[in-house]
């Protein structure tokens, strides 16, 4: 609320001075303490009560409690309301406090992390929460960055350092940051103590890829940009240590600015319940007014004559005032149409459903020992109504770990294994791996299953050796050899690491590099190559090349890149091999592999010298330098020979899960920080994008007008007519037409949009066009998006589509959208636990989402809806008997039932059977739910519990109450006892109605139950038994002897229920109440069967047959999409390597290696004679995949 907001001035510019806390304190910058929790000790009670009172029912019960405290109008004791109300508030408060406790615990863990801070001339360990703006801190290798800091210096040459930004953008590739030249030599603490530079920069914001500032030091100014900054959430990699100056701290860091706020989430059923409670309250007032008017009329015409027998109280001055008091009395008597026990039961059901999720062994991930966790208990039924899923890519859909799997070399494929009948076999946990013991430098974690490739390498097949030599030379990987033979590769992209590791295991070990040389260990012999040039990768070229001189003096160009660009540059003599390799690549693409082509070329010495002079000249030109370099690269990369491929393997079960969710009419949007082509490739891998789609629209405009035109063109293409107004505005009639047309589109389209275009598309004048277009497409992929943009996309759908949204991710960059969506799901992955801790549900693998929604979500929604329908039915049937009785008791607010029955009806007599139904009922089992995803659709369409269903169940309750009252009333008017006397006492009438009511609602719940368990039987029969036991006990001689004033009706139940005619009345009432509903149910199933009815009929017809497993067939990825090389690459690494700025002193003696160069074989000559070509494939995967549970 407004009075809670802090009155702070808007910061327009930030001034930060190093080592000057007193100076920086003048600006009242926030400290480094973070807070993701909602409450503290002081605010918990008021805030939690405020949130709970947003439920209209809770406020309604408090009003009733106040009314019950007024003796003149209350015929019921106040404790019948306050005890259940306090119980509901307490249970909810405990649950909310528990959830917030874990947030506090996580905050404390993060805030108490240790960091080395330069204080009073020395480095001291300080908690993160105590780090202040302007402090100089030291970071060591593999440490998280504590705040947004300006890099001052590092242990690497030229002030370089390497960071991993997985928590920010989901990318695991290393990125380079470089300190300013003037500060890069401040590596000594004594120098840093004297550093007093002042930074003037932009105020805190959420733009992760932008920073503008200036460093003022020693009377000079130095520009600062994002390449000088290390942001909170990054991890320092491959760098011994570095020093930085804190610019933004705590909640003002860019990571926290993107996290959003923790919102109070309520389900659509909760919101509907608020509306229904208002309707019921209005209905209650109407009944109260009718009965009050009746009382006024009765008192004025009849009651006046009975004042001697029934004198008015001192408060009753007139018949009108009597009617006024009667109105409030009936409001209290009839309040059980919405009993407080309903909300107690709802909380118990939600808690039970949460435990079912936690206990589900099929959502337990053995390799990581991670079980599914329901971190909230308020959203379970919402899981059965999801229409949009927003998913991160990296770590959520993919595994982020790559290993070499298959290759195609010289027209021959390797990597598949065959049995004795020459039939292809699948790799399993028991499949024997290739023995690499011949290579002492191999990576023990590397696994390969086709021994024929190793045999070919051992036989010194020239094509094989050339293939792996290319993999070992053409890359930008940096090796680190801390001890002899223990190599660690630091790659800017995981596919490069996979390829170099493969070459290492097959005997071509990349050992060391300098700006001028690359040293390999080829089959045990050291060979040094002179590095002449690196033709760097960029998104336009989609390839990289290296030019090297081998020990024999020959100059070779090795190139790798997307197969489409490599094939275009092959020599015509390689045409036949290109077609063969292309077929192999298509086969690999069909298996979901990223594909990559390798090629080489022999260069003439003179030709190379001329080209090198042109390159050196182009490198010195200021204007159009990049264009000139691209032309030169293109010139020398012609006439290549060769080809290959690599995979970005999805998490296990991702394509099957996505296919199944699509069949359930759930739309899946991918929101990722990765590059456009990376995201598109994953889309093809998991069948979200397919070659047979009618169109894939790629939005890449850089201006508002460009994006507007692209969106309009795509929408017009789909709709086939121009209905988009000027400036991107959409008329309301068009919006309605689009939503209808959306359901009738047969063709399949996909939308891919990058972050720059999305920023414009989210502007108010274009957001409707974006949303309409996205909803007309089967697949939507947003790439290069910031965490805040992810949240904005989710909010856009929430605001305009009014659909239930679910966001799933695994990194800190996903926290914002997880908090924004109706339901947040965190993957307990390799990027940390931030997403899981901020989520409502968490588990280890994306494939578990299928079971969470189609089984647990669907069951929770089904159970909750049937529970609510039955609860309203039985309470209307129970309560409205008082309404009918009012017309026969002079509208005196006299109750039909005794007070003990009213108190115990919802708490004891009928609570357990309905809880059992709400906890255990299921229309079909989990296998059928997964086998028939279409059964999920009723939840999306809100068919099982809505205003219409509420009206029908309350109508049934009203009719039942009418029959419950008038059948015994009519029978009692003509019925006599066995001794001939009349039934004239009101208590016998009350017992008859009460017994009929309990039996009718018990029979009805038995008919409504789809799945019987021992618990259901026990609760239903037990409740009936308990009713009769309590009834006879309360009206026994013993209770009257102990509490005569509280239990005055001695022997009523015994005398009444001993009459056969009473049991006939009870039987007649039960049959008449139940049979109409039964007939309607049979007719509905017969004439208007639902999808569930049809499935259940099929199951019953095959009940005697042996059950057959009919799981969804594994979705084969048939895409021919192959151009997926190096999507994690960044331009500039080649220049960085050749400049030598990132080089350390080699720990391996290159001189010793060079002495053995003369023993290397003349394999190049053999390759030139045979003119063989080279091709390869790699595969990204984790360790042997966990055996998937069959559902």
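Don't overthink the numbers, they just go from 1 along the chain as shown.
Backbone N, Cα and C define each Cβ position, glycine as well.
Unlike curated entries, TrEMBL annotations are predicted automatically.
Annotated range for transmembrane segment in TrEMBL, selecting from 950-976, 1085-1111, 1112-1138: 950-976.
Range 900-920 is the one annotated as transmembrane segment, of 816-836, 837-857, 900-920 (source: TrEMBL).
As a whole-number mean, the pLDDT of the domain 'P-type ATPase N-terminal' (16-82) in this prediction is 82.
Cβ-based crowding with a 10 Å cutoff singles out 814 as the top-ranked of the binding-site residues 392, 810, 814.
Shown in sequence order, 672, 673, 674, 675, 676, 754, 755, 756 are the residues of the chain, 6+ apart in sequence, with a C-beta less than 8 angstroms from the C-beta of residue 784 (ATP binding site). Sequence-distant contacts of the transmembrane segment (318-344) (same chain, six or more residues past either end, CB-CB distance under 8 Å): 55, 57-58, 60-61, 64, 67-68, 70, 72-76, 81, 84-85, 87-88, 91, 277, 280-281, 283-285, 287-289, 291-293, 295-297, 299-300, 303-304, 312, 871-872, 875-876, 878-880, 882-883, 886, 891-893, 895, 902, 905-907, 911. When the neighbouring Cβ atoms lying within 10 Å are counted for each of the binding-site residues (537, 673, 813), the highest count belongs to 813. Tallying C-beta pairs under 8 angstroms between the transmembrane segment (276-298) and each of 867-888, 900-920, 950-976, 1062-1083 places 867-888 first.
Where the transmembrane segment (900-920) meets the stretches 867-888, 950-976, 1062-1083, the count of C-beta pairs under 8 angstroms peaks at 867-888. Distance noted between the C-alpha atoms of residue 810 (Mg(2+) binding site) and residue 392 (ATP binding site) is 8 Å. Below 8 angstroms of C-beta separation, residues 956, 959-960, 963-964, 967-968, 971-972, 975, 988, 992, 995-996, 999-1000, 1003-1004, 1007, 1056 of the same chain, each at least six residues beyond the ends of the transmembrane segment (1062-1083), sit close to that stretch. Between residue 537 (ATP binding site) and residue 814 (Mg(2+) binding site), the C-alpha separation comes to 29 Å.
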